[in-house]
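What TrEMBL records for 1-52 is region 'Disordered'. Under the heading compositional bias 'Basic and acidic residues', TrEMBL lists 1-39. Here TrEMBL flags 69-89, 95-117, 124-141, 168-186, 206-224, 280-300 as transmembrane segment.
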Amino acid sequence: MTELRQRAVREPDSPPEDKESESEAKVDGETASDSESRAEPAPPPTSVDDTPEVLNRALSNLSSRWKNWWVRGILSLAMIAFFFIIIYLGPMVLMMIVMCVQIKCFHEIITIGYNVYHSYDLPWFRTLSWYFLLCVNYFFYGETVTDYFFTLVQREEPLRILSKYHRFISFTLYLTGFCMFVLSLVKKHYRLQFYMLSPKKTWEGFIGGFFATVVFGLLLSYVMSGYRCFVCPVEYNNDTNSFTVDCEPSDLFRLQEYNIPGVIQSVIGWKTVRMYPFQIHSIALSTFASLIGPFGGFFASGFKRAFKIKDFANTIPGHGGIMDRFDCQYLMATFVNVYIASFIRGPNPSKLIQQFLTLRPDQQLHIFNTLKSHLTDKGILTATTEDE
């Protein structure tokens, strides 16, 4: 009995290899029992008679084949008649019906997907799916409303603001959903992902990197704003037959004096500070790069862990592939483009003139008369006797 007890103490219930394999299975968010249950073949789908009760009663004397033909024919004629009624009611009703059809189709697809992914206990699946549909509709319908109802949009102040920053708002909505997706993915299926990335170092680098990036962005933007090669666009010079980078810097890259808030004045003792306006924008860019940009890396890390690979490729020795080095840059590059288009870049008069010259003479004359009438109403031009 003593020997048996000693053997029981010395020999564990399961070898270390089994425990390691079990932990690896838990890391991937799937156990052996889960995989066996998912390997079971799904039961064959059952057919449900969804024919309206009125048609069932009217076609009860027919065989199932002829009954099916009559049902399909009657409903096809009804849909054709309904389509012509929609066309008759006008474009606004048509747009609403198209939206309803889109939502219903999406609901059917999401229902199928939810039945499949529900076994994996994926969080926020339906919520994120509907959220991304909302983001897509907001972007495309917003562009359509701005293009076709420009006069109405410019008349109302809230609509004018939404139209001006439409792309930035759309990008922000999409980015919020993307971050929610990454957080739900890491939280549920890759709980050990951050621990394998050394969470203590990650949080220290995450917080410290934020302040370092903002300070470095302020200093670097101050230095680069003073050189024309960084602030002027590349243009082709016909005289020298070469590309040149020379221009008169815009107000964005000219030193201006700003008043410092009173709370900060009592600390540093300065009342004003001279800085480039672009440095203020650099704070927003640096904040996004340090706080939101890493989510691209989190997503790439979860993607690699899902396929059980360490790197995307071995293009750069010691670093992996190009994607491993630029996983955060895709979000950052998109944000910079949207931010510049929304808050920095304004209408370009030279491009407007180029587009104006490509129009037909009657179109040019129409724009000229419209612009002249607008400037006259503003009081910039005086009405002549011929106009009256």
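Placement of Cβ uses the backbone N, Cα and C atoms for every residue, glycine included.
Sequence-remote contacts of a segment are chain residues at least 6 beyond its ends whose Cβ falls under 8 Å from one of its Cβ atoms, and for the transmembrane segment (124-141) they are 99, 102-103, 106, 110, 113-114, 117-118, 166-167, 169-170, 173-174, 177, 180-181, 184.
Simply put, out of 69-89, 95-117, 168-186, 280-300, 280-300 has the most Cβ pairs sitting under 8 Å from the transmembrane segment (206-224). Residues 86, 125-126, 129-130, 133, 137, 141 of the same chain sit 6 or more residues outside the transmembrane segment (95-117) yet have a Cβ under 8 Å from a Cβ within it.
For the transmembrane segment (168-186), the list of distant contacts is 122-124, 128, 131-132, 134-135, 138-139, 142, 162, 193-194, 292, 295, 298-299, 302, 331, 334-335, 338-339, 341-343: same-chain residues at least six beyond its ends, Cβ to Cβ under 8 Å. Counting only same-chain residues 6+ beyond the ends of the transmembrane segment (69-89), those with a CB under 8 A from a CB of the stretch are 51, 55, 59, 62, 97.
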